[in-house]
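These notes are about the structure you will find just below.
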Amino acid sequence: MIKILSIAQSIAITVGTSNGLGKHVAALSAVQISAYSKATYAANLLYIASMCLSELSVVFFLRNITPVRQDRRLIYAVGSVTLLWTLTATIVSVVECGSPTPWNYFNGHCINRVMWWNCVEVMNILINIALVALPVWIVSKVQTPPLRKVSVGLMFALRITVCVASTCKLVYWNRARYSHDLTFDIWPVTLCTQAIQCMSIASFCFLYLKPLFDILDSGFIRSDEFRRKGQFDPQDSYSLSKMTSGKERGQESGNLARLTRTENGDTTITAHGNKWGWDGGSQNSEARIIKETLYD
């Protein structure tokens, strides 16, 4: 969905570019100015929606990997602020220049657009700072080697690039506040907007890279496993003493099984003990024998 919104926003910017963005307004016809205004109006709304989904994706990602109740409350708070920001920004942007032509930025009766978009971007920066600071703070409490903490923290810190691009957008937007040649002077703002959108999506995608999941699987945060085994206290800290890496689990399970072959071609796997609760206690016997007939 984020990609669809981003593509749609980029298409709207492309339409605006073909109708005057980056050109002097004196050289544009009334039809071009109208098309540019409508494209910009649509692009602004799609930008807000795209940023909302991107930020909420990080919120849900943190929620899924974080078992501590206190941290989840902070995550929910950030998610609530994001939704409130999106709702407010969307409503005001829809009626930015009043009806019946809310996209008429040139001749309509608009609110102070510079002040309004300053507020929108400042809140966007604060939300993204929270989406960096919160996971870094969570990682700092994990009982794991410092190098691993730094590795995970850097993956989340990539979102700082969104804040940098948003700051640049604010600078260029305020430079153009008194412009009488808006279609020409606003192109750096549009470029920064595209950079914000791109970096927001890219920084989230980095969280799904295999190295990060290797770290998570090796004992960073396994809240689902804690709940299944009944070993997790929601108010506890992230303790490695309660975590078992995937490699160690494989070695342990390997020690529980013995494979033998009989003379008639049957392969027998004998499993001893039941140290794991995979199926909720349905395997209560001390040993299981699985036979597989091999055909030549």
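Count begins at 1; order follows the chain as displayed.
Backbone N, Cα and C atoms are what each Cβ position is placed from, and that goes for glycine too.
Per TrEMBL, the feature domain 'Rhodopsin' maps to 4-213.
If you look up TrEMBL, you'll see 44-62 (among others) marked as transmembrane segment. Sequence-remote contacts of a segment are chain residues at least 6 beyond its ends whose Cβ falls under 8 Å from one of its Cβ atoms, and for the transmembrane segment (44-62) they are 1-2, 5-6, 8-9, 12, 71, 75-76, 78-79, 82-83, 85-86, 89-90, 93-94, 120, 124, 127-128, 131, 134-135, 138, 159, 193, 196-197, 200-201, 204, 207.
Positions annotated as transmembrane segment by TrEMBL: 74-95 (among others).
According to TrEMBL, the transmembrane segment annotation covers 115-140 (among others).
Nonlocal intrachain contacts for the transmembrane segment (152-174), taken as residues 6+ away from its ends with a CB within less than 8 angstroms of a stretch CB, comprise 58, 114, 117-118, 121-122, 124-125, 128-129, 131-132, 135-136, 139-140, 186, 188-189, 192-193, 195-196, 199-200, 202-204, 206-207, 209, 212, 215, 220. Marked as transmembrane segment by TrEMBL: 152-174 (among others).
TrEMBL lists 186-209 (among others) with the feature transmembrane segment. Only residues 6 or more beyond the boundaries of the transmembrane segment (186-209), in the same chain, are considered here, and those with a CB under 8 A from a CB of the stretch are 2-3, 6, 9-10, 13, 16, 21-22, 43, 47, 50-51, 54-55, 57-58, 61, 124, 128, 155-156, 158-159, 161-162, 165-166, 168-169, 172-173, 176, 179.
Under the heading region 'Disordered', TrEMBL lists 237-260.
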Model confidence over the domain 'Rhodopsin' (4-213), averaged pLDDT: 89
Chain residues outside the transmembrane segment (115-140) and at least six past its termini with a C-beta under 8 angstroms from it: 48, 51, 55, 58-59, 62, 66, 68, 71, 74-75, 78, 81-82, 85, 89, 92, 96, 149, 152-153, 156-157, 159-160, 162-163, 166-167, 169-170, 173-174, 196, 200, 220, 238
